[in-house]
Amino acid sequence: MSKDESKEKEFDDVSEISAESLALSAWSEEGEHRETWTGKFDFFLSALGYAVGLGAVWRFPYLCYRNGGGVFLIPYFFFLVLVGIPLVFLELSVGQFTSTGPLTCWRMVPIFRGVGLSMNIVNGYLSIYYNMIIAYSLYYLVLSFTSKLPWETCNPKWASPNCVDDYSPSKFTFTSCLDFNSTLKCPNGKCFNLTTLDGGVASCNMNETLLNMVGWWNPTFPSQDYWNKVILQKSSGIEESGTIVWQLIVALIVAWIIVFAMVIKGIHVSGKIVYFTSLFPYVVLLILGIRGWLLPGAWKGIKFYIYPDFSRLSDVKVWYDAATQIFFTLSVSYGGLVALSSYNKFNNDVLRDGIFVSISNCLTSVFAGFVVFGFIGYLSHTTGQEIKDVIQAGQGLSFIVYPYAVTTIKGAPFWSILFFVMMLILGLDTMMASVETTITSVLDVAPFLKRTSLRRYLTITAICVIFFLIGILFTTKSGTYWVELFDSYPGGWAVFIVGALEAISVSWFYGFNNMKKDIELMIGRRYTKHKIFNIWFVLWAVITPGLLIVLVVLAFKDLSILKIGDYTFPYWTHILGEFMTASTLGGFVIWAIWIAIDTVFRKKKPILSLFRPDYEKWRPKKAYHYDAMLLAHGLSPKRVPSKKNLKAFDNASFQGEARF
């Protein structure tokens, strides 16, 4: 077999066009060579690890609790099928077909190229703050290597008056303290009888030996005070930045060193790391789950998790939260899926991988909910409090609720180590792919940076250092407020618009039939020959963008100031947060304005040319795949094919025109 024939073999096996019928030789061009995954499961595990992140542990279970328990799964899987899977399949197809990252791949229609820039912007926001959460996990992991966890009891050095570490029935009673005619609610979390022991009127300023205590109305776990006072050294608000917490900046440095070591050698190394980092968290989740489900009260938490409150389905907020979680969980419109799939071989079964990654990801979130609520039920049973008084959102669930829960279990340090190792690995998987997305985009737009190993290493180093320097903000005493701000805003309504633009650009302007031909070149006709494949047109053209536009409208109707616990963020942070959200969309808008001005005034071309397919820029990386694409679209290839070649493509039934 000739060299040219061997190069074409991977394509021919799928597209049913033989090497003899094509006889197209590869031509070389700048940057044509690209790394590809070397193992059979490298891509699948990388995409799975990227998508299955910390949100499965600390975000999804809380959203289920807040939105009606098990009934939340109805809108969750609704958006998985109608929004999540279609966009995952689309992004993986675009990345694999072009073999380029998000910044340079969205070229099928000139006006939409800014979609890739928007992806990189929101991915940049994620990369900046996400590693701080990994740093927290590292910090806790180091502290867990001890015979007694430091947050097990209320230490007078850092404990607040509300701190309670003994929840035995003989020493602790929880009460709402809402009967103001007979009880006194004090700021230290205690509730007293309104009448003193000697018959007088009680006051919170009196000596407690004179008061008749009813119970606690606002107790705090030792882990909560430890988190706020020791780990974060938390200030009173975001305006009070305070000094840098040196332990946190050391943890952040170590976190970035680990990420740097994982990406510096490229996908040949990171593709092997994921065999451990993607699978080990499932082992840990199962071990933690078995331990948690055997604890007293676990069923109470699980019942609370899965018991459906169907009345909540009429609440628009429930549907909005479900859609937001799908985007966050699957990392849709963040660019990572495009970047990872760009290293696939051209004939990889991208449809199969897209569906499997999406479903596996969401099932993992559901499974993690059973694990988390098992421990929450146990904690509720132990403390005598209701589930609603125990559970916390986001950082509180991972760094307050669970850390205290393990202190009440025999062998607490071991369970703490296991949990934070899982948190660390889950975070690193996502972080590695997020940084790789930025690296891929930079090297694709400036290929001269990867001509030598030194240039590539320096580029990767610069990217990591820049992200780290910006992230120093999160190591100050007000850093946790900034983490919440970055976590809440950039991935908001603008990401929905980016997702809608992805679907619209392909189905309305490039044309579904054209995209179908391109997919056929990659995976053949074993899927596309069936009429059911046209469901993707209905999804990409109507259902997916339609639902996303509705969600954007709902988001604008509920633009409220961020509130975490009892703390309400100042109004200026809301303005800043919405600016961050809008800046995500700014990538598309700025590009569209620039290309329109350049096309009309400099190139003197009609504005409609920006809305037509561009077969010069939109193309596979390898020349013989590009020639096959041109023939499939009825265009002249780079090399003139023989009559046998033309007959082969004619028999392939490549028909259809673009929308414009």
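Placed from the backbone N, Cα and C atoms, the Cβ positions cover glycine too.
TrEMBL: automatically predicted annotations, no manual curation.
Model, not experiment: these values are computed from the prediction.
Note on TrEMBL: of 273-294, 427-448, the range annotated with the feature transmembrane segment is 273-294.
A separation of roughly 31 Å, to the nearest angstrom, links the Cα atoms of Leu426 (Na(+) 1 binding site) and Cys163 (disulfide bond). For the transmembrane segment (355-379), the residues of the chain that approach it from at least six positions outside its boundaries are 44, 47-48, 51-52, 55-57, 60-61, 64-65, 73, 76-77, 80, 84-85, 88-89, 282, 285, 288-289, 292-293, 295-305, 325-326, 329-330, 387, 390-391, 397, 401-402, 404-405, 408, judged by C-beta separation under 8 angstroms. Closest by Cα distance to Gly49 (Na(+) 2 binding site), from the recorded positions Cys154, Cys163, Asn361, Asp429, is Asp429. Beyond its flanks by at least six residues, the transmembrane segment (322-343) meets 34-37, 43, 46-47, 50-53, 55-56, 59-60, 63, 67, 72, 75-76, 78-80, 83-84, 87-88, 91-96, 98-103, 105, 116, 118-120, 122-123, 126, 267, 350, 357-358, 361-362, 365, 430, 433-434, 436-437, 440-441, 491-492, 495-496, 498-499, 502, 547-548, 551 of its own chain at Cβ-Cβ distances under 8 Å. With all protein chains in the displayed structure included, the most crowded Cβ environment within 10 Å among the recorded positions Cys154, Leu426 is that of Leu426. Most Cβ pairs under 8 Å with the transmembrane segment (244-264) belong to 456-474, among the candidate stretches 73-94, 456-474, 533-556, 576-597.
Long-range contacts of the transmembrane segment (456-474) within the same chain, counting only residues at least 6 positions beyond its ends with a Cβ under 8 Å from a Cβ of the stretch, are 124, 127-129, 131-132, 244, 248-249, 252-253, 256, 259-260, 263-264, 435, 438-439, 442-443, 449-450, 480, 482-483.
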